[in-house]
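Feature annotations, reproduced from TrEMBL:
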- 41-71: region 'Disordered' (REGION)
- 48-58: compositional bias 'Low complexity' (COMPBIAS)
- 75-184: domain 'SET' (DOMAIN)
- 199-220: region 'Disordered' (REGION)
- 246-269: region 'Disordered' (REGION)
- 260-269: compositional bias 'Polar residues' (COMPBIAS)
- 285-331: region 'Disordered' (REGION)
- 287-310: compositional bias 'Low complexity' (COMPBIAS)
- 322-331: compositional bias 'Basic and acidic residues' (COMPBIAS)
- 545-665: domain 'CMP/dCMP-type deaminase' (DOMAIN)
Amino acid sequence: MENHQNDLSDFSQVGTSKLSLGSQLNDQIYHTQAVEGIKVSNENTAQNNKASKTNNKNNHNDESSNSLPHPINPLKLHLVSHPLRGRGVFTPFTIPAGTIIEESPVLVISQKEWEEGNMNESILGSYGFCWKDGGMGIGLGLASLFNHSASPNVNFIRSYSTSTIKFITSKRIEKDEELCICYSADESKLWFVKSDSDKQEGIDMGSSSDEEDGGFSKLNIGEEDLIDENNLKLKKERERRLKASLSKDINGKVKKHGKSLTSDNVQIQSPQPIKFNAAAGPSSITLSADSSRTSTPSSSSTSLYPEASSGFITSLPPPLHSGRDRSKRSTEAIELTQELDWDEEFWTGQNPSGTEREDEVAEYIREKGPAEKEAEEGADETMDIWALEFTDPRLTRNALDFSKDLTASDERLRHLKRVCRRKENNQEICRVVLAMVAEYDSSALQSIMTSYSSTLSHLIPVIHRVPSTIATTQEQLKIKSHLWPVSFSPAPIIPNDSSDWPIGRKAWVTSGIKRVIQIALEAKSKGELPIGTYCAALPKTFWPKKEEGFIQPTEELRASSYDTRQSENHPLRHSALNCIKSIANLRTVEPFISITPERNGSDYLLTSLTLFITHEPCVMCCMALLHSRVREVFYIFPRKKGGGFNGSELGIHARKDLNHRFEAWRYDGIIEDDVRQQLEVEEEIQI
Ligand SMILES: C[S@@+](CC[C@H](N)C(=O)[O-])C[C@H]1O[C@@H](n2cnc3c(N)ncnc32)[C@H](O)[C@@H]1O
């Protein structure tokens, strides 16, 4: 023990030159909490420790200062610059779980001061922690230097009463590992492009000397940096900045080779609208409901284009809708495509059974997304959590505060009510959620609790089994709440296939499928890839009720397109993207420009529209469709390699972590062999 104290005093000396204010304030805490960490370090990394002692003694000796980067706090943590993440906090020794790294003081700035000072726009914007009453806390010391990780090894607890933030390791941290906190469990709220701190890629551990770090030239704070709701900034403010940066982009001119590119000197060519060709009409294609299933055609054509990246960004900008400037219109040729060949009278009239033309109607199968699959699979699953258990009701407030401070942002616990009260043996037992079992070992949790509040220090965290997911039916709610009370959110019931649809709806969809086949064949005859798309509003008679959340689409808006990558020699001219662009152009001209939207956003790109496409769209097009707020997509041929629905298994159309979902339906009828052959597109090509 004596040894350790000696070590600690050494550490304090070394840290003095750059010792953070927070560290000085907390010398006491280091002595009680951090000793364990240093003890382990001494035992496990004797060699390093020896080096550091030499370093300490020869503080001004060049040679020794080369052996270890300059430490900035008593735990000998040091900063390392990363080309993408900027500075980060690293440890040269192992640190056990539950070690207090620092209690950093915070400069509290009220919401008014923050907003009036436009501080979000300044560098402080990237360094503020959400504080009480909408204020912001600028962390001093190490507080501002921890980078973000989705699987952090450091937790933090804010104390409004002392204006400090305490940083505590949540797991054992290995030598040379980066210490990271989680800015927001919902990574779509991050305001920078995340680089994976777990991989440590590109870090030059040797480049952290004072000289190289001086001025921190590699600091990567973009102009567009925004502040996060959870711990770094309010969401509203973030959106305001995002909008501001968007309008800056729109109004600004892009400079390239000294010449400014404006709409005056750049010609953008749009795909020509497809002219309806009655001669090549649907009669040449036979579709019918049949038990044989559609499969992806193979092809012998040459691969032309590199695969689209399978990476995608989860953060979506807010839709730019309404308030369109009527003076700005598309200068491209715009033509409203022909309506579907669908006899409304016949299919929706007095006797809509349509039995005489049943062979024109196919069935459709819905593609489930990851969110739904997970919910189905996880309905009965349970998991283990740390909970506090007590009978004295006076402890509830304190325990609840601790619970929220510890894991308020942990998405995995969000479905659980924080407090569970049960009568057992005539006594009311109160249990409070603490954390996932895997996140802490018992002694780490106990030590965090003790340092948080002395009133909790005599409690021992217990492991409790709880449901893994929310309840989506009353029955589930009853069963799950028996274990632990959970939130209830009835899931909308979407059928898995079209069997219960009115025949008229199936007929309309089938005419959409016929149309895209026809478009694709026409494209092929022009030397393009045979991929066709058509987009329109579902006929009014089949609209879901407004109460079900349905937003009225812009009726009469229709566009069709095909893939023009070949003729335009442009990698982005995918069929779906071309169609979205045509719809966007149409919205800039009469009559669509003059339509008053039913509600804000209902005139935004593909809002509530139905899109038909011959092949499962690639990840990029699925993301574009998602951004466009399409309602449903019908397609014929699945694409095993890179299809954005289930081909890639990403299920872009129905993910929990994206802010729009749409239905994806696969055609479940037959396609004649010769048509199938003509529509073959090599698997490597991204649709
Ligand atoms: C609170 S500062 C963290 C310290 C910062 N790296 C520095 O050098 O000052 C937050 C900024 O660090 C960067 N950052 C933090 N975590 C990151 C990550 N996982 N990936 C990329 N950049 C990150 C972002 O630029 C962010 O705006």
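In case you wondered, yes, glycine gets a Cβ from its N, Cα and C as well.
When pLDDT values are averaged over the domain 'SET' (75-184), the model yields 89. Mapped onto DSSP helix, strand and coil, the domain 'SET' (75-184) counts 20 helix, 47 strand, 43 coil. Across the domain 'CMP/dCMP-type deaminase' (545-665), the DSSP tally of helix, strand and coil residues reads 34 helix, 21 strand, 66 coil.
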